[in-house]
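Notes follow the structure.
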Amino acid sequence: MMEAEKPALGFAGVDELELSSPAGSPAPPPRKMHSLDFEHIGSLAAVAESLSPGSRWGRALTSVRVVIFQARINVLLPFGPLAIMLHYLSGKHQGWVFLFSLIGITPLAERLGYATEQLACYTGPTVGGLLNATFGNATEMIISIYALKNGMIRVVQQSLLGSILSNMLLVLGCAFFAGGLVHSDRDQVFNKASAVVNSGLLLMAVLGLMFPAVLHFTHSEAQYGKSEVALSRFSSCIMLVAYASYLFFQLKSHRSMYCPIGDEEEAIEDEEDEKEITQWEAICWLFILTIWISVLSGYLVDAIQGASDSLNLPVAFISVILLPIVGNAAEHASAIMFAMKNKLDITLGVAIGSSTQISMFVIPFCVVIGWMMGQEMDLNFQLFETATLFITVLVVAFMLQEGTSNYFKGLMLILCYLIVGASFFVHVDPDANEN
C-alpha cells in the first residue's frame with residue numbers, strides 16, 4: 001500500500017507545486033517565467049526582422065529591379081563599359097568609342113528621366129515639369145562642361161543649339177503626333193498663357209544670341225575680338241536674371257496660371273498609380289545616374305573629332321543632331337507618354353520648358369563658366385545657326401498660339417526637323433579649322 005501510494009503522493013506534490021505554495025512562502029511564478037521567455041524571443045524576432053533583407057535590403061533590391069531590370073532599353077547599358085574598355089585597349093577606333101558611348105548614354109538618359117518623373121509624383125505638376133526639364137538637361141550640361149574644359153567651344157554651342165532644336169521640333173512634334181493619334185476624335189487642349197510666356201522667353205534668347213552674331217558679321221565692333229565677348233558675358237548675366245525672375249513668376253507669384261487643365265482629382269489618382277519608388281530612392285538614383293553619365297560624357301567628347309574623321313560625318317552634324325537626340329532621350333520618352341495620357345501641360349513643360357531652360361540658363365551659364373575657365377565662350381553662334389534658331393522659334397510660336405494640338409501639327413514639326421537635320425548634314429562649320 002505504501003508503494004502504491006507513492007506515485008499518487010508524487011503527482012499530488014507536483015500539483016501542489018504548480019497550483020499552491022507552502023505556508024509562509026510566496027508562490028513560484030512558473031507561468032510568468034514562460035511568458036517572459038516568449039516576450040524575449042519576440043523582441044529578438046523583431047530585431048532580426050528589422051535587420052533582415054525583407055525590410056531594408058529587400059526594398060533596395062526592389063528599387064534596383066524596377067529601375068534597372070524593368071526597362072527593356074537597359075539592354076544597351078553594357079555599351080558604356082565596352083566604350084571605356086575600347087578606349088584604353090585601342091586608341092585607333094575612336095569612331096567605335098563614340099558610337100558605344102552614345103549608345104551607352106541613351107538608356108542612362110532615359111532612366112534619368114524616369115527617376116525624375118517618379119520624383120515629380122511627390123512634388124506636383126508645376127515643380128515636376130521643372131524637374132523634368134532640369135534633369136533632362138543634365139546630360140547636355142555635363143557634355144558641354146567637358147567640351148568647354150577641352151576648349152571645344154563650337155561643340156558646346158552647336159550641341160546646345162541642337163538640344164533646343166530637338167526639343168522644340170522633334171520632341172514636341174513626336175508628342176503632338178502620338179497624342180493626336182491616341183485622341184484622334186478631338187484636339188488636345190493645353191494652357192495657352194504659359195505657352196505664350198515660354199515663347200516670349202525663347203524670343204528673348206534669340207535676341208541675346210543675335211546681336212553678338214550681327215556685331216561680328218557687320219565688323220562694327222568697337223574693339224575687334226573683345227567687344228563681342230564682353231557683350232556676350234553681359235547679355236548672359238541679364239539672361240540669367242531673367243530666368244531667375246521667370247522661376248519666381250512660375251513657382252510663386254503666378255502659380256495658378258501654370259495649373260494644368262483638367263480634373264485635379266484624376267491627376268492625383270494617376271500620380272498615385274505611377275509611384276513605383278520612394279522619394280529618397282528617386283533622389284539617390286538621380287545622383288547615381290548623373291555620375292555615370294558624366295563619366296561616359298568624358299569619353300564621348302574625346303572621341304568626337306576621331307568619330308567625325310572615321311565616320312565621314314561633319315562635326316556640326318554630330319554636335320547638332322546626334323548628341324542632342326541622345327541627350328533628349330529622357331524628354332522624348334516622358335513628353336510622348338504624357339501626351340498620350342492627355343496631359344499636354346506637362347508635355348509642354350518638358351519640351352518647351354527644356355528649350356527655355358537651355359536658352360535662358362544653360363547657354364548663359366556656360367558663358368559664365370567659360371569666363372571662369374579662361375575660355376572665350378560667347379553668344380556668337382554664327383549666322384547659319386542663329387537664323388535656324390530664329391525660324392524655329394517663330395514656327396513653334398505659331399503652332400502654340402491657339403492653345404490646341406493635333407497629329408498634323410506634330411507631323412509638321414517632325415518634317416521641319418528633318419529639313420534642319422539635312423541642312424546641318426551639308427553645312428560646313430566656318431570655325432572648324434580654328435577649334
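The backbone N, Cα and C atoms fix where each Cβ goes, and this holds for glycine too.
Database features (TrEMBL):
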- 96-251: domain 'Sodium/calcium exchanger membrane region' (DOMAIN)
- 283-420: domain 'Sodium/calcium exchanger membrane region' (DOMAIN)
- 160-183: transmembrane segment (TRANSMEM)
- 195-218: transmembrane segment (TRANSMEM)
- 230-249: transmembrane segment (TRANSMEM)
- 282-301: transmembrane segment (TRANSMEM)
- 313-339: transmembrane segment (TRANSMEM)
- 346-373: transmembrane segment (TRANSMEM)
- 379-400: transmembrane segment (TRANSMEM)
- 407-428: transmembrane segment (TRANSMEM)
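Long-range Cβ contacts of the transmembrane segment (379-400) within its own chain (Cβ-Cβ under 8 Å, at least 6 residues beyond either end) map to 157-158, 161, 164-165, 168-169, 172, 192, 195-196, 199, 202-203, 205-206, 208-213, 215-217, 228, 231-232, 235-236, 320, 348, 352, 363, 367, 409, 412-413, 416, 420, 423, 427, 429-431. It is 160-183 that, among the stretches 160-183, 230-249, 282-301, 313-339, 346-373, forms the most Cβ pairs under 8 Å with the transmembrane segment (407-428). The stretch in 230-249, 282-301, 313-339, 346-373 that contributes the largest number of Cβ pairs under 8 Å to the transmembrane segment (160-183) is 313-339.
Look at the domain 'Sodium/calcium exchanger membrane region' (283-420): DSSP puts its residues at 115 helix, 2 strand, 21 coil.
Cβ atoms under 8 Å from those of the transmembrane segment (230-249) belong to residues 130, 197, 201, 204-205, 208, 211-212, 215, 356-357, 360-361, 363-365, 367-368, 371, 377-380 of the same chain, restricted to positions at least 6 beyond its ends. Outside the transmembrane segment (346-373) by six or more residues, the chain places 125-126, 128-130, 132-134, 136-137, 140-141, 144-145, 148-149, 153, 156, 160, 163-164, 167-168, 171-172, 175, 179, 190-191, 194-195, 198-199, 201-202, 204-206, 208-209, 232-233, 235-237, 239-240, 242-243, 246, 260, 328, 331, 334-335, 338-339, 379, 396, 400 with a CB less than 8 A from a CB of the stretch.
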